[in-house]
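Per TrEMBL, compositional bias 'Basic and acidic residues' is recorded for 1184-1204, 1262-1272. The compositional bias 'Polar residues' annotation in TrEMBL covers 1274-1288. What TrEMBL lists as domain 'Ig-like' is 52-139, 153-240, 254-342, 347-434, 440-527, 532-618. Annotation comment: TrEMBL describes 635-730, 735-829, 834-936, 940-1036, 1049-1142 as domain 'Fibronectin type-III'. If you look up TrEMBL, you'll see 714-743, 1184-1288 marked as region 'Disordered'. Per TrEMBL, the feature transmembrane segment maps to 1154-1175.
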Amino acid sequence: MFVVTLKHRNMDGNRKWVPGLGAVLLILLSHMTSGLEVPLDPKVLEGLPQPPTITLQSPKDYIFDPRENIIIHCEAKGKPHPSFSWTRNGTHFDVDKDSKVMMKPGSGTLVIDISGEKAEAYEGTYQCRAQNEHGAALSNNIVIRQSKSPLWPKEIIEAIVVQTGTPLVLPCRPPAGLPPPVIFWMDNNFQRLTLDKRVSQALNGDLYFSNVLPEDTRSDYICYARFPHTQTIQQKQPISVRVLDSRPEGERRPGFMLPLGTTSTKMVLKGETLVLECIAEGLPTPDVSWYRDDGQPLSSRTSFENFKKTLKISNVDEDDAGVYRCTATNKLGSQHHIIKVSVKAAPFWVSAPRNLILAPNETGILTCRVNGEPKPDIQWFVNGIPLENVPKDPRRKIDGDTAILSNVLTGTSAVYQCNASNEFGYLMANAFVSVLAEPPRVLTPANKVYRVTTNNRALLDCSSFGSPIPTITWFKDFQISIKNGDQYVIYENGTLEINLAQPIHSGNYTCIATNNLGRRENQVSLEVKESTRILKQPEYSVVQRGMSAVFECKVKHDRTLTPTITWLKDGRELPQDSRFVVGKEGLTIDDVTEDDEGTYTCVTTTILDEDSASARLTVVEATPTPAVVYEKPDPPTDLELTDQTERNVQLTWTPGDENNSPTQNFLIQYEDSLHQPGVWVNMTEAPGTSTTAQLQLSPYVYYSFRVLARNQVGYSEPSGPSRQYRTNPAAPDENPSNVQGKGTEPGNLVISWMPLTGFQSNGPGLEYKVHWRQKDLEKDWTSKNVANSSQLVVSGTPTYVPYEIKVQAFNDYGNGPEPQVVTGHSGEDLPLSAPDNVQVMIHNTTLAKVHWEPVSTASVQGELQGYKVYYRRERGLQEAGEGDQQERVLTFSGNRSEGMLPGLHPYSLYSVFIRVLNSKGEGPPSSSKTFETPEGVPGPPSFLSVINPGLDSVTLNWGPPVSNNGRLTGYTLRYQPVNTTSELEPLRAINLKANETTFTLGSLNTSVLYKFYLSATTVKGPGPNITEEAYTAMDITLIQPTIEAGKVPPVGPVFGRVNSSGIEGGAVISWEYFGLQKNLFVEYNVENSEEDWKREVVNGTHSHTIKGLKPGTSYRVRVVARDGADVALHRTNEVLVTVPAVPNRQIDIATQGWFIGLMCAIALLILVLLIVCFIKRNKGGKYPVKEKEDAHQDPEIQPMKEDDGTFGEYSDTEDHKPLKGSRTPSNGTVRRDESDDSLVDYGEGGDGQFNEDGSFIGQYSGKKEKDTHEGNESSEAPSPVNAMNSFV
């Protein structure tokens, strides 16, 4: 079908004229008729005349391939069939005279054979004309052009030589083709050149380098042009580029290579794609970004290409016009280019003219609504002839874009053309006006029978045709007139819809089509059938192999319909096997096998509907009886409604399988498809033994019910819904809830309520009657009806007075019950008066109590919320300037007359005033009241520091308190020493004057930690303390070792001498320590390695043995004192220790008997020799070692001897022991409590050994230790004295 329009009509049938016409047109349009739909039924169309209509035409711009024929399409329809003619370049084109041109029979399509001819001869502008006796239609102007792919002009391209870092442009300049070619760059191997942020191709095809690099050197930069119509590719001569690196360009700010200058312009047509590009040079390569100068964000239709050098906005509209800025940025700066974009528009349709079919003496309009920029010019044609060249017709009036045809006559059919054009293009549309007088025809076959199932939609057709358009009316059973309403909808095309068909809707229906030329009617009938349902569905079954499986499928259907039952397995037909037996109400499978497993579906079908249900079969091996499985019950079925009344109905159902767990109860739910479709609401419950329930209903509800069963496992799936049951409307049973009255501003009262739901409305037309009156004045009620709202604003009320309010619901069927009366208040205003007689009572230095006289109730002008107390500190009583000026506010709720002001500052002047508070705001302030707070204890001194600590004195420096809180009378300084166990000794106190901020404290102990406490004092007493700790200086002379004259003493008050020696598999470290920190560690790692230092705790000792070291390896060792946060406070210099290498023993001879005997003999011999040596020494005689010593005096040994040149004797007497608690001298002359003169001690020195004759050597061979501040860093073996010192 095609649709033709005569006029516009509102739904209520009133006439509506098109906006834009003057009032003078109202009379002309008063007799317009509705749009007419012309059927495509050939029997109807045979006798209907129709002006031509163009159905197919070539595009306006037609580019043809010269290797193929030119085909210009022009197809049209009409009654009688139109004839065709053509113009070329505005003049008649005689097709018959050109043998190369052929027009297809019955069509206007031209086929031009250009083989062997110059195709250019047929270029031009063509237009097709289709004409019959009722009018002429025109095609668009079709511009025919030949596609062109010209060769590249020959040129000599010289090699390009540039320095590294300079910008470069390789021009392409392809030949102009039709349509324009596609440009791309490749090399000799036909590989596309890589484009990136630095190298890019512009829209014109040129290749741009922001800066060249040495790798850009090549001789095969080739530009290619591909012409899409002819599918040919043209190649430019290769360009050679050589990049020199002799004088490279330095870094530089960005600059624009394209476009040139600082600004440019761009015009784009509406609906097309805006393309902007900015290509920049610079070193480093710049980044390009885009934004609009007016601050507007870029359109969501924006995309970026070519590494953001190209901006595209698709489907451009007027909002895309403006100023665009592209910015090129590198680390040296940025550069901007402004592009001003304007958006124009070729003509585009707002409303194209549509075909009209009018009856004689009717009036119609043709509208040609177009827009564009600039605004298009509109020109009208009649049958292809400009309107100014056709005879004048008083029934035709042209008003710009509107043509009005009044009181048309038979025989005046025509085709009107509307042409809208501006400088960017044109639009042309044909619209015929056919004057036709036809009596009504009903096209729907007579006595057609429509069948639907219950609760489905029924559509009864009444397709008609006539001019004027016939009016359709419907009747049921030849007497009941059908109107649009809840049950029925009559569409404009005459179709009657019954939304939810019920058996009551069955019967005969008559549609009548009427116009001023006649009347036709047609009868159809409707049969509403009962839906087909599967009542007993197949159930999941587990069957042992070799047994039989049975699936039930019991069907309920309309008795006039014959159902067909089909069984499927896994969605396919059942196997052709005699074991599958299909019965009337089920399927039986005998002797089941594993192949029978699957899902079985029962499908029952009638000519109107179908239903299906599925169940799965699982085949198992024969096993003992399985344990009982408890599952949720199956959903109930067969829901039926009986005993129907206005407010009650009985629901009956059939329970499903309980699945081994008895049903405990049934849950009944309902859906109201009128007010809340798709929402199921719990309604009531029934015992598990019941299958019926009496349901209480509400008026004006479209009920559907469903049932869920519950056992100990849970609820079943819901049953299918029952058939719909509609209750009749009634007056409301209740009124809205939560009625309130509260003003929002002075002089109004806002009455609000919780509206009734659609379920509660009980009928259509729900409204509310709102009553109000001022309380206690015995006035009559004022009322107003409100619909579709939940509040009413009453104006002109006194300020904050009580009102009685009630809201009653009513609908089209009556009023709800008498509503309850609630009390509300009109709007509040700000309070009028301020509290009087403000008094302040001081409780202490930081707390005061304020008292006031409350305002009168009338002056509050609203609901009293409380009082707000504003107070602030004006200044301190010792301060000359203003205070902190920060105002504090406290709110005291309710009708209060006093309150406490906490957090005051002592010895200060405060001001206070009070405002009364209601829901609207605050009233005026009371008169300001000032009060003073008494003195208090001061704050702590602002700082305390210890400067210039001496041996027996320290100097303390402090700052006055930030808050004196009164008149400062002085300071109290207390201090006490802290012993080595962090215990505090008794405090000592000193009183200082108020003007002192520095004090030197003497008579202190040397190198002792003291803790100081300082507090400021007023007449109210001392304030809080500020504390500090400090050491007195250490007396270096107390820790210096006893040394001989001329030697340099060790330096450092914390650590003294450090000794070390290597032993087998480890090292022995000893040290002197005079510090207070208790956390001491020996730390070590392999010499010249990067590994972390390993540590071992050595608290409370002065020596430590490191075990597990690698033989033959040198280690760096140090002693470190750390605080509780593991921060290193003091450390010794690093000592280098070498662990002796262990000889490689193939056999452990220590367990050999002969070795043990030999060692015993040697030990006995050594013992004898030692006894001899002692005897000879005591007698002053010489022995071999002594003789060698005398012969070769080693000067390095001499410092180890006493003044007489011999070793001193060791004494064990108490006189030589150090005093208890004293420190060991750093030279190691004080020996240990036990004797160190033993072979064991000497043997652990590292180099001590026996020579071949068993004599002990090496005990005097140790070199003198370095007595410097760096400590003993010698890698030689220590002397016996050093060995002793290492154990002190």
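In case you wondered, yes, glycine gets a Cβ from its N, Cα and C as well.
Because the structure is a prediction, the values reported are computed rather than measured.
In summary, the domain 'Ig-like' (347-434) does not lie against the domain 'Ig-like' (153-240): fewer than three C-beta pairs, each 6 or more positions apart in sequence, are under 8 Å.
Fewer than three CB pairs closer than 8 A are found between the domain 'Ig-like' (254-342) and the domain 'Ig-like' (440-527), and contact between the two stretches is not assigned (pairs 6 or more residues apart). Annotation: stretch 52-139 has the most Cβ pairs under 8 Å to the domain 'Ig-like' (153-240), among 52-139, 440-527, 735-829.
Comparing 52-139, 635-730, 735-829, 940-1036 for CB pairs under 8 angstroms to the domain 'Ig-like' (440-527), the maximum falls on 635-730. Long-range neighbours of the region 'Disordered' (714-743) within the same chain, counting only residues 6 or more positions beyond its ends whose Cβ lies under 8 Å from a Cβ of the stretch, are 454-455, 500, 533, 632-637, 639-641, 644, 646-647, 649, 651, 653, 656, 667, 669, 671, 673, 680, 697-708, 749-756, 760-764, 766, 768, 772, 790, 797, 800, 803, 805-817, 819-820, 822-828. When averaged over the domain 'Ig-like' (153-240), pLDDT in the model lands at 90.
Helix, strand and coil residue tallies for the domain 'Fibronectin type-III' (834-936), in that order: 4 helix, 52 strand, 47 coil [DSSP].
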